[in-house]
């Protein structure tokens, strides 16, 4: 067995498999997109079987491109889109319904009903999360209530619930391991993050039988071995973390006060708060950053639902660009005298507003507004929303002032224009790492360190390397005008909702 580590990165729009060598360098990559299903307005689903097929095919592709065999892989790490819900038959392994995706808003009315009963404080206290359709618990309640016979079958122990990681572990191990990790469990509205256990009161409120819940393990732990018939070897699965927590690890944000922001379909900023569960007074989430050797490290998180998705909208909806990388150069050519604001509330607004009913809007258009101004507005919207998150975080986390350097990753950060504008609007330095695949790298480190073939935490943190630091160049007067315009646009969007 070699020192190679395989990272499975199961995302919202595609699945990636990445093989890292013993020096933490990428040896081979496989990637495959899958279909998004929109049965009704505000509903988003995935076919779990299609996701499973993309995992198998991308793993095989990555191994082949690496020029190795499955026997050379020391361990597998799995990272995944969080909150997305799958329920399957314990005997056959077949899903009873499409997966309900984290973006799905169908349970908004149910969340409001629970809030009116005064239950949000209970959920916040125990889970660190708000009562929002974003999280798994109300989606699971919907499945049990709307799929014929599901509630009764779940109570009999005939059904399994899991986030995507759990479903993949089950499939990869041939049903031998029914488990998840603490980071994914912490996103379900069912897990008590102080006690590190499924919560009896919350499962009762959401009518979720505990018989269908997986075992919760540390992020670096034994999650079984792959069925040899899949890839030609029984490979141990030794690391699991939700995508944003995996990125936090991949960015080596191990010390309290360190901060990262990932720009994929959405944008997610996490601030390491160490052993302290910092309770936000600014509508941020208190969540588990990682759990290693039985010790939990917590984080503050801000979630934005639309980041890269706004660029996809430019490409697929407005058709003003042919490919996502074109956005930065198009934005750069925009007329500086035009201040156009896009509030991309396509599926509601996330932190710190948490308004599922808000809808997207564009402000400031004139007869001369064109594709370049739309492109700039889409990219700037991501920057403005990041600033909103970081301002809320600094109010909750006052220990080190506001001099934090933001570490960034994800597909959007390859754009120099976007990162410079982010630094300008934050009025803070932004660090882009050499390795942009930080989500996969983070979970690869979990698996590799557990397998004993990758360095310990301290050495791994020292190996983090910066590609470029972006420093703010925008003058204060310009920044104030732009921020005032953004806040006005958001306010009008919320009023319209």
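Including glycine, each Cβ sits where the backbone N, Cα and C put it.
The sn-glycerol 3-phosphate binding site feature in Swiss-Prot is assigned to 12, 82, 83, 134, 243; the stated evidence is sequence analysis. According to its DSSP assignment, residue 83 (sn-glycerol 3-phosphate binding site) is coil. Less than 8 angstroms from the CB of residue 83 (sn-glycerol 3-phosphate binding site) sit 102, 134, 135, 136, 139, 163, 187, 188, each of them six or more residues away in the same chain.
Among the features that Swiss-Prot reports, ATP binding site is placed at 12, 13, 14, 265, 308, 312, 411, with the record citing sequence analysis. Reduced to three states, the DSSP call for residue 265 (ATP binding site) is coil. Taking a C-beta cut-off of under 8 Å and a sequence gap of six or more, residue 265 (ATP binding site) has these contacts in its own chain: 11, 12, 13, 103, 306, 307, 308, 309, 312.
What Swiss-Prot records for 12, 16, 265, 308, 411 is ADP binding site. Mapped onto three states, the DSSP output places residue 12 (sn-glycerol 3-phosphate binding site) in coil.
The feature glycerol binding site is assigned by Swiss-Prot to 82, 83, 134, 243, 244, with experimental evidence given as support. Around residue 243 (sn-glycerol 3-phosphate binding site), the same-chain residues six or more apart in sequence whose CB sits under 8 Å from its CB are 9, 11, 79, 80, 81, 82, 262, 264, 439, listed in sequence order. DSSP assigns residue 243 (sn-glycerol 3-phosphate binding site) to a helix.
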> In Å, rounded, how far does the Cα of residue 14 (ATP binding site) sit from the Cα of residue 244 (glycerol binding site)?
Replying inline: 16
>> I'm trying to understand the geometry here, so how far is the Cα atom of residue 411 (ATP binding site) from the Cα atom of residue 16 (ADP binding site), in Å to the nearest whole number?
In response: 13
> Within 10 Å of the Cβ of residue 16 (ADP binding site), how many other Cβ atoms are there?
Replying inline: 23
> Quick one: which residues besides 12, 82, 83, 134, 243 have a Cβ within 8 Å of the sn-glycerol 3-phosphate site's Cβ centroid, in sequence order?
Replying inline: 80, 81, 84, 101, 102, 187, 242, 244, 266
>> Cα-Cα, whole number of Å: residue 16 (ADP binding site) versus residue 244 (glycerol binding site)?
In response: 15
